[in-house]
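Undergrad: Got a structure for you, written out below as structure tokens; questions coming shortly.
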Amino acid sequence: MGTLLALVVGAVLVSSAWGGCVEVDSETEAVYGMTFKILCISCKRRSETTAETFTEWTFRQKGTEEFVKILRYENEVLQLEEDERFEGRVVWNGSRGTKDLQDLSIFITNVTYNHSGDYECHVYRLLFFDNYEHNTSVVKKIHLEVVDKANRDMASIVSEIMMYVLIVVLTIWLVAEMVYCYKKIAAATEAAAQENASEYLAITSESKENCTGVQVAE
């Protein structure tokens, strides 16, 4: 168990040390009437390089063929296109307070079936080097399905089972440690009591012998 604890602590320390940008895929199933976050994370290859980034999101509704632009985010300004499907529903949830955007995620509030389809997060980044500038572009694609009720995926079920198993194992280990410590303390206490009793008997016996010797001398 000590080894397991050391591994957990080590993992936490390593993750804290890295502490950089990590690209994570977006969830792809939204529940009707709920708020849904569409992830778009695009990390720089070299964190020390200065950069400026902006994004444009496009959408192709399920059953249609063309992508249409729904928003642009640049210089901390969100520009929404006139589209009744997204009017009053899109909220910026990406990087703030910087022109070097790496998290370009958005929220869609009060999701409807009209939001089912394909999303594209276009990332345009300008990198500044000592003697030149370099433009890069990346497209993150997300397919979204809107459902009536959330369906738990296998990964979340397995994670929950593993969590409960770990709790049970830790509880059993803790109880075993407590029982072991209790028995050890009880044994030590009993040994100390026996030692004290032996010393008391020895002192009593010696006192009697001394008293007998005094009476004989008289």
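A Cβ is built for glycine as well, from the same backbone N, Cα and C atoms used for every other residue.
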Undergrad: Given the candidates Asn110, Asn210, specify the residue that Swiss-Prot annotates with N-linked glycosylation site.
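TA: Candidates were Asn110, Asn210; Swiss-Prot attaches N-linked glycosylation site to Asn110.
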Undergrad: According to Swiss-Prot, Cys21 takes part in a disulfide bond; indicate which of Cys40, Cys43 is its partner.
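TA: Swiss-Prot says the disulfide from Cys21 goes to Cys43.
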Undergrad: If you check Swiss-Prot, which of Cys40, Cys211 bonds to Cys121 via a disulphide?
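TA: That record, Swiss-Prot, gives the partner as Cys40.
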Undergrad: Relative to the Cα of Cys40 (disulfide bond), which of the recorded positions Cys21, Asn93, Asn114, Asn135 has the closest Cα?
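TA: Considering only the listed recorded positions, the nearest one is Asn93.
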Undergrad: Highest CB neighbour count within 10 A among the disulfide-bonded residues Cys21, Cys40, Cys43, Cys121?
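TA: Result for the most crowded candidate: Cys40.
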Undergrad: Which of the listed glycosylation sites (Asn110, Asn135) has the least company, meaning the fewest other Cβ atoms within 10 Å of its Cβ?
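TA: With the glycosylation sites Asn110, Asn135, fewest surrounding Cβ atoms within 10 Å: Asn135.
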Undergrad: Identify, in sequence order, the residues in the chain of Asn114 (N-linked glycosylation site) that are 6 or more apart from it along the sequence and have a CB within less than 8 Å of its CB; answer 'none' if there are none.
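TA: Once residues fewer than 6 apart are set aside, Asn114 (N-linked glycosylation site) is near Gln61, Arg85.
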